[in-house]
Amino acid sequence: MHYKLLFAAAAASLASAVSAAGVVGAAEGFAHGVTGGGSASPVYPTTTDELVSYLGDNEPRVIILDRTFDFTGTEGTETTTGCAPWGTASQCQVAINLHSWCDNYQASAPKVSVTDKAGILPITVNSNKSIVGQGTKGVIKGKGLRVVSGAKNVIIQNIAVTDINPKYVWGGDAITVDDSDLVWIDHVTTARIGRQHIVLGTSADNRVTISYSLIDGRSDYSATCNGHHYWGVYLDGSNDMVTLKGNYFYNLSGRMPKVQGNTLLHAVNNLFHNFDGHAFEIGTGGYVLAEGNVFQDVNIVVETPISGQLFSSPDANTNQQCASVFGRSCQLNAFGNSGSMSGSDTSIISKFAGKTIAAAHPPGNIAQWTMKNAGQGK
């Protein structure tokens, strides 16, 4: 009953975000303490140029989005020759030859003409920013966001990022974090994205929380040519601690998430639903503790072989070892019409010592609650 009350409180607090001019709640897990723009007076951009200016200046900002900012075509178009490594069927993504990717890695793939648009380079977000959507009105279309080059203390809450060259791999990412610290992505919806929905780059990205967000993999185009987006969440930083809590990952086929570099990931109380392919991909330097998650209709929960380390909260007895650091046992994961998740590397638990750890709840009501409450406007 206690966890039901906690989730009810979270839902109520975000419902108030529909009318609130500012951030609601506080980050759980590793990004705890992030303040974004703090108490700065809210600003309301009305044009794409004004939005870019507010996001990129050096002032602490609380930026309220109350409309759709459509960047599609705002930087012109460029027709180039790309490639079709997954085939030329109508549902297959084709690839832009970015940084000679087609030439270097897919030289034998059929050549195709593709159109390069504004989505290739995301909007720069500088330090001390809160980007907050009003109800379901705050949408950034055709271009993503990037928190990079030392930017820190950023909150992205209750917005949607959509329609970034969905036909084209390398067409753009929804949210990029690289060489940063204290970033909270909360109640965000991403949909119809060309490449990664969320990517943490190879520099140190430090403390990041992604919570109560919807990664919607439905698309007319995919690398697997079946309407299930492949490029979900890629965590590749050199010194990263990432909390994934309460998110809804829907209709994907891979990289959900891909974890490597030197990344400590706490994946807790997420719903993985309707995957035609794999969810977790754990490479060298990926340290994953997964608890209280629900996997429903996920063909492959963890791609093998695992090159990193995984503690999958495998059974009640083993899960008691979490108490030495977490002050509680870890929660079992739940599986419905899905593959298995096997990983009992308890050495990962000690890596959480002294860190801010998100609470975990039993998986019983996670699916129902997450479908109702994760994403923009919920």
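Placed from the backbone N, Cα and C atoms, the Cβ positions cover glycine too.
Model, not experiment: these values are computed from the prediction.
Summarising the annotation, Swiss-Prot assigns signal peptide to 1-20.
Residues annotated as disulfide bond in Swiss-Prot: C83-C102 (among others). In sequence order, T81, G82, C83, P85, A95, I96, A109, K111 are the residues of the chain that are 6 or more apart from C102 (disulfide bond) and have a CB within less than 8 Å of its CB.
Its Cβ taken as reference, C225 (disulfide bond) is surrounded by 17 other Cβ atoms within 10 Å in the chains shown. DSSP gives C225 (disulfide bond) a coil state; it is part of no helix or strand. Under the heading disulfide bond, Swiss-Prot lists C92-C225 (among others).
Residues or ranges marked as N-linked glycosylation site in Swiss-Prot: N128 (among others). Mapped onto three states, the DSSP output places N128 (N-linked glycosylation site) in coil.
When secondary structure is read from DSSP and collapsed to three states, N251 (N-linked glycosylation site) falls in the coil class. Swiss-Prot lists N251 (among others) with the feature N-linked glycosylation site, giving sequence analysis as the kind of evidence.
For R255 (active site), other Cβ atoms within 10 Å of its Cβ number 24. The active site annotation in Swiss-Prot covers R255.
Among the features that Swiss-Prot reports, disulfide bond is placed at C322-C330 (among others). Same-chain residues at least 6 positions away in sequence with a Cβ under 8 Å from that of C322 (disulfide bond) are, in sequence order, E291, S313, R328, S329, C330, I349.
Contacts of N128 (N-linked glycosylation site) defined by a Cβ separation under 8 A and a same-chain sequence distance of 6+ are given as T35, G36, G37, G38, E59, P60, R61, K152, N153, V154, in order along the sequence. Minimal Cβ crowding within 10 Å, among the disulfide-bonded residues C83, C92, C330, is found at C92. Classification of C330 (disulfide bond) by DSSP places it in coil, neither helical nor stranded.
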